[in-house]
Amino acid sequence: MESDTTFRRIKPFGTQNYVAQDTDGSRDRGVDNGYNGDPKRKPEVSLYLLREGLAASLVSVFILVLWGLVHFSLQQLVIGKPSGDFNAVRARQHLEKITSVGPRPVGSHENEVLTVGYLLEQIENIRLETAAGPHKVTVDVQRPTGTFSIDFLGGFTSFYDRVTNIAVRLEPKSGSQHFMLANCHFDTVANSPGASDDAVSCAVMLEVLHSLANQSTPLLHGVVFLFNGAEENILQASHGFITQHPWAKQVRAFINLEAAGVGGKEVVFQTGPENPWLVQAYVQAAKHPFASVVGQEVFQSGIIPSDTDFRIYRDFGNIPGIDLAFIENGFIYHTKYDTADRILTDSIQRADGDGHDSVETQVLEALDDRGVYLKSEEIEICHTLGKPSESGFQRVIIKLVSRKTKVRMMINAKKLKGTRIYINEHLTKRNADIARTARDLRKRNKIEATWTRDCDNILAVLKYLVNSEKLADSSEYRHGNMVFYDLLGVFVVAYPARVGTILNYMVATATFLYLAKKASMPGNGGGRYVRELACATGVAVLSWVVTLLSVLILALLVTLLGRSMFWYNHFYASICLYGAAATGKMVLIHTLAKNLYYGGVRLVELGDLYFDVSLLLWCCSLVWLTQQGLCSAYVPMLMVAFPLATRLLLAREFKNRGASLKYSVLYLLGLGLPYVHFMFLIWVVFEIFTPIMGRSGTEIPPEVVMATLVTLATIFLSSFFLHFIYLARSTKWILAGLASVFVVTFLMMSCGFLFPYSASPESPRPKRVFLQHTTRTFHNLEGQVESRDSGLWINSFDYTGIQHITPHIPDINDSIRTSCREDRPFCGYPWFLPVKFLSKKNWYLPAPEVSPSSPVEFSLLSREETSWGTVKMTFSVKGPSHMSLYLMPHRGAGLSTWSFGDGTPQFDLSGEYFVFYSRGLDAPSWTFWFEIQPPRDPDPSGPEGMISVAISTHYFFGQDSRTAQLEEVLRRFPSWAFPSSWVSTYDMYRY
């Protein structure tokens, strides 16, 4: 008899017979396993085939269980015993105090005075408290001025003047020569309280400082705690510290605390460069590990439009470090929803000890709005019931002090309708207090456990590093990278990259030996198996390509229907639409191949062949990624090693009984570990990229991105399930089920039931819109005003533009859409950052002129021709804390040098030059110069002169940041929108 791997084609005739096994009615035995030959002829083998329902159930349960495990592991942030080294209550008070002042843009009183004052006060308290201990605490307030160029957002140059850093030096009283740096930032973007980004990190750092300073045993090395006050201005304060502060020369490594979302676990998403000892320190010291080298390589590839102070310390300080960040719930990152109470609810489960008073206040305000007047002393008991509704209101039950008050309230019953306030005379203080106490205790336990988890990681890693001999001479351990990843947050696997390379090639070699052995078995002579394997690989790859193209066509249809981003507030709807379409397409293609192309081939042999196909494709990706030097190659290594080992262990079971229930269950169990880790990576991808689509501009079609991500995830997850498609007796009901899910979801989407945005207080999904009330002035070559206008300049930062805004504010429509004036720097509009390539669609609604109390003063101080043929021009600017300078040399002209960065002009993607300026308090006028090479042959069709210079000012805070027209438009925006607004000006000059 031929080998069980032999591919047998038998000309079909007659009908196919299946005989039920007498001893097990739950399974059918395929007597001929797909052989449609003569029923009277005895088949060579008699093996099990999977019933369609059983196959679908096994795979579905497997996927759901692993997805559940991934989500369960993400909740481990609230599990674990506090170490006792961290005071959760005090850290929470720091967070509340820092965020209580509101948004903290650079240059504002809130950032430069109130927050700085509070931090200095707390640091001084720690210094006095620990003065008698073995450590000394030194504080220095730095206000640096500097400039640098960076290739972020296409490339631009940054200039900062007197921004604020608070540096705290903790060391043994005998002194230290080597220091760890711990970094956070307390400034925010405009219009956001910035609780997660990054006040929570500063609160944690204060408590870590307190804990380390109170240790009775002196540290081996020192720690510099840097509370930097200008990170949101594209990493300016960290540059000022690492390039100018005298303590920076003694820093050997750093830990950066950041946020790309709001809440959840803090993940290690960057380390190095090189310096594997830092990863080893995290692995050994972190009590609640959460790390992945995949995240590091994805982030450093530039796919994610974000950056952190890690880049500055790495590139300008040449020191290694660890980057930690919250990544969950990026929907409210940099919005008004990033508040302290939300951090405590979603990430640290805020205790509600003072909830009684706040609920009572809300009740009184709600009644007052309805014209029902009630005094606080007339309420005896008041507490909430259940969760808030989608509209944001929570049911409240109250008991009044007197019956007279109750009668008065009943007279106004109609006014109470819709308030969700209920009166109950049977409510007692005892049962209300019991309910509240239980609720508070449950939340408080979660709070302290989570605070402890975050702080324990940082505290433990810092302790380990400052007491490590390696910190003193980190250059000795510099070379090499690490492969690292955690398994469900239980433990971290880490090993040197060179060991990973050896391991990867060993697994690849074992795979090729396995396939070579099959090819050399009797009956496979003449390359028969190789040809069949190549053909099946072609079928698999073709199914992937056709599937991806089909789903992309579907994504294009969704876009044309005007339903883009329907999944933004309904994530699983994207799985039901694109995932069902992708899965159904692949199943259909392989079903057609099984029934039409393979004809009389035995199904068991087909199942065996397509397992080999999946193994081969993953092995090829393993070899390619390893050759590229990517540490992420560990992923395909896991996806090859475990299935191969499982297949070898189950070879006898499969040979003797085919796709029995025992074989199928054990096969899935063997896939469990690599699949659960791969599904965790899929969760990370969607957790990061889904919110990013809400702030990626109007040019990137989100449906294409989401459809591609879902399809690729489906393709990767289904790779080792192709095995089951060919072992199943039929797939018609599977296809019918997938088609039903797809049709229902498509109808719901196309009918508008899946609205992309939400104002739900528990889980908001806001639409981001930027509004600037601006006045633009354009000067000609003689310095005279050529034109002047004013209006509300509106930018939508997602693909849907204003289609959902227009029904609420009819004035904002496509009739006021702007076009780019190529003869004006940055199209003639006051871009705050050089992101015009991301948002080419914007709108301009005419409005009265703005009149800031401190208007910009822009002047040309000098103009001189140099002996080497250039023209040097020097300017002076005085204005608000944030300004943007745009330089556009005319055709034939070019900048040769300037006073910024390293002296080499850094241009952006469109060939223009963007200089970002910000300042702290009491900064002098901004003076700068550049040299320009005049054009030899001026362009008669272009603008006059050799260069256009424009300056835009941005008033982010204070009275100048608001106008009556701006406030009137803001009031008309729907609740699910987040309009971030400020006042600006734009002045252009020709020279």
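A Cβ is built for glycine as well, from the same backbone N, Cα and C atoms used for every other residue.
The annotation region 'Disordered' is assigned in TrEMBL to 18-38. For 49-70, 487-515, 536-561, 567-588, 609-627, 633-651, 663-686, 706-726, 733-757, the entry in TrEMBL reads transmembrane segment. Annotated domain 'Peptidase M28' per TrEMBL: 165-351, in sequence order. Marked as domain 'Endoplasmic reticulum metallopeptidase 1/1-A TM' by TrEMBL: 529-749. Marked as domain 'Endoplasmic reticulum metallopeptidase 1-like C-terminal' by TrEMBL: 764-989.
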Exercise for review: Take every residue in the domain 'Endoplasmic reticulum metallopeptidase 1/1-A TM' (529-749), average their pLDDT values, and give the whole-number result.
Suggested key: 93
Check your understanding: Between the stretches 49-70, 609-627, 633-651, which one has more Cβ pairs under 8 Å with the transmembrane segment (733-757) than any other?
Key -> 49-70
Practice item. Please indicate, using numbers and ranges, the residues of the same chain that are 6 or more beyond the transmembrane segment (536-561) and have a C-beta under 8 Å from a C-beta there. Key: 577-578, 581-582, 585-586, 589-590, 593, 597, 609-610, 612-614, 616-617, 701, 703-704, 706-708, 710-712, 714-715, 722, 749-750
Check your understanding: Does the transmembrane segment (633-651) reach the transmembrane segment (567-588), going by 3 or more CB pairs under 8 Å (6 or more apart in sequence)?
Key -> no
Review point. In the same chain, who gets a Cβ under 8 Å from the transmembrane segment (487-515) while lying at least 6 residues past its ends?
Key: 69-70, 73-74, 76, 265, 276, 279-280, 282-283, 286, 288-291, 480-481, 533, 612, 615-616, 619, 622-623, 626, 629, 631, 633-634, 637, 640-641, 644, 648, 673, 676-677, 680
Review point. Excluding the flanking five residues on each side, which residues at least 6 beyond the ends of the transmembrane segment (567-588) place their CB within less than 8 Å of a CB in that stretch?
Key: 331, 543-544, 546-548, 550-551, 554-555, 558, 686, 690, 693-694, 702, 706-707, 710-711, 713-715, 718, 725, 731, 734-735, 738-739, 741-742, 744-746, 748-749, 754-758, 765
Practice item. Would you mind listing the long-range same-chain contacts of the transmembrane segment (609-627), meaning Cβ under 8 Å and 6+ residues beyond its ends? Key: 5, 7, 500-501, 504-505, 507-508, 511-512, 514-515, 518, 532-533, 536-537, 540-541, 590, 633, 636-637, 639-640, 643-644, 647, 719-720, 722-723, 725-726
